[in-house]
């Protein structure tokens, strides 16, 4: 079982685009890859993270789970919809049902590392622990990112979990001093596995495939086990 969890330091940092780019790069590296999004909110506004992953990455082994209409944190969204939340056991089981020998299963969280996903307060950190998964952190290049990233790394280390690296999810076309300095500082915190350009999610599938292949090191993807 090879499970890689993807979290972000904030909303809007590019988790879904990063998930799609990683899945695309893994497909190009000839890995058997699946993407799992156990909890999705905001479906009333047309949010469909797995649909976006499919469109951009060309990966078809996609597995959803619990979906809630309003664009809120999962517990709030479920409460307002009058819908049940999954338990920790159900969430872990949903990912294990997707994984297979030799497969890389990418699990995209909802919100950040410690956002409650289930009825019992289970978080993506808990799922990573139960699944023996490393965690890839998607970060912003802007001000505040160093503190947010350090806090997320500390939260992983406190539970003995391994960080697979960082991805800068939306690198500006014209970075300023803050972005350039932050990029150097982020590289000192953890390996930066990829830097994706801002607006990458609007690219055509062909263009997205090219930028995904260029962004991620195929040897690193192959080594994930």
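The first residue you see is number 1, and the count goes up from there.
Glycine is treated like the rest: Cβ placed from N, Cα and C.
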Out of 70, 90, 108, which is the one Swiss-Prot records at the Mg(2+) site of 16, 49?
108
Out of 49, 108, give me whichever of these binding-site residues has the highest number of other Cβ atoms within 10 Å.
108
Looking at ATP and its recorded binding residues 12, 13, 14, 15, 16, 17, 49, 108, 109, 110, 111, 197, 198, 199, figure out the farthest C-alpha pair and report it in angstrom, whole number.
22
Among the recorded positions 16, 37, 49, 198, which ones place their C-alpha within 10 angstroms of the C-alpha of residue 108 (Mg(2+) binding site)?
16, 37, 49
Spatial separation of residue 37 (active site) from residue 49 (ATP binding site) - C-alpha basis, Å:
8
Let me know how many other Cβ atoms fall within 10 Å of the Cβ of residue 109 (ATP binding site).
26
Three-state secondary structure, residue 198 (ATP binding site) (per DSSP):
coil
